[in-house]
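What TrEMBL lists as transmembrane segment is 12-32, 44-76, 88-108, 120-146, 166-187, 208-225. Annotation comment: TrEMBL describes 324-370 as region 'Disordered'. What TrEMBL records for 327-336 is compositional bias 'Basic and acidic residues'.
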Amino acid sequence: MSSVSLSKTLGAILIGTYVNSCLYVLALFPFAQVISRRRPHADSAWLLVAVAAFFTLDTLATVAGDALVFLSMIAFASNGNYLPLQSLLLPILFILSAVSALMTRLFLGLRYWKITEKALPTIVLGLTLLATVAGTVLLAITLFQTRSFFADIDNAAALQQGAQKLKIPATFFLATSLACDIATAAASPRARATREPFTRICTTVVKSNVFGVLFSIGALIAFVLDMETSTLWLVLGLSIGRIHTHATLRLLNSRRLDPRRQLPHKVEITNFPFMPDSTGSLPGSATFKSSSHSRVPTGLFTLNTSLADDTESVYSTESMSYMSTTGHHDFKRDPESVLQVPSASRTPSPGARGGHDSISPPVLIEDPTPANLNAGIELLREKKEMEKGLRAAVARR
């Protein structure tokens, strides 16, 4: 009679694949969200390829896990000597999950570099990622080589020898994976402080891949404490790839829309958005003309800025609606600000349209990219200084 506990072998595989399948099903809706939002976000081809790769890897890993359970519980149910560690599906499942996790870590590392451009932390992230790649390759090769040691559940010597051969590669893989997950989670930008505490915590946990860290810690502890002829660590290890996929999908679905997709063909830049005068009428022309059609006052877009010195900032555009359905004129502001301006003026100023210090004509931007908006701000600044000079010259006469 073998001393190997089925709850630690077949039971662990069953629970691990069940958790993996649940996480896979939960990821289907985020996958669909990423695909459905690809046009508003103007996603590049490589990003769509990466999302397709995540979906393919997760699907194959889930199928491999379910097939492993079928072989263990159904096909070889009468064979008391069958252990999941001797199946070729186990190393395949491990490789698929490891590649999915590596892609997420690479994505988080590139995201950190793009946001911060800090060289030293990025180098550390890169080194931990390379160590994880080495650990993945080493453990995959070892799993293929040691399959024969687990062919006979009653051969205690062979089982012990196989476990010893797996000890160092598996420990190295789990340790490097944990180090890489901790590094990426620590470097990931936190959620905004303006959100509710519970929502902020949940968002931060998922987006920074804290769940991946917890799963890596659990798998490492389970392996070190009870590794001989036990697959308890696979309960968590089999799901690591799906956990990392959820972190990537959460980040992709939390992106703001591409500002250029939310702007008209032309943007008019002035000191302050148009306001009706004392009689309730709209000063100046109220018609917005795009490259394809004309829009009445409801389609007028202006750039609201106080001419801040920091021209590298991204400026704000707001939609102003001029309505007359109730018999009087009313302005309505679009609730969603497309671009942010920390120094934007929120009160009328002498430079507002219709004021005594107005700038005429305002600057019109044909292609409202951030670079062109910055150039428009500079041009507006120059025009303002020129008008001030002319007024000063007239006053001296």
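Please read every residue number as a count from 1 along the shown chain.
Cβ atoms here come from the backbone N, Cα and C positions, even for glycine.
Please treat TrEMBL annotations as automatic predictions, because they have not gone through curation.
Since the structure is predicted, the reported quantities are computational estimates derived from the model, not experimental observations.
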Surrounding residues of the transmembrane segment (44-76) on its own chain - C-beta under 8 Å, 6+ positions past either end: 10, 13-14, 16-17, 20-21, 24, 27, 31, 34-35, 38, 82, 84, 87, 89-90, 92-93, 96-97, 99-100, 103, 107, 238, 241-242, 245, 248-249, 252
Positions whose Cβ lies under 8 angstroms from the transmembrane segment (120-146), at least six residues beyond its ends: 85, 88, 90-91, 94-95, 98-99, 101-102, 105-106, 109, 112-113, 162, 165-166, 169-170, 172-177, 179-180, 183-184, 187
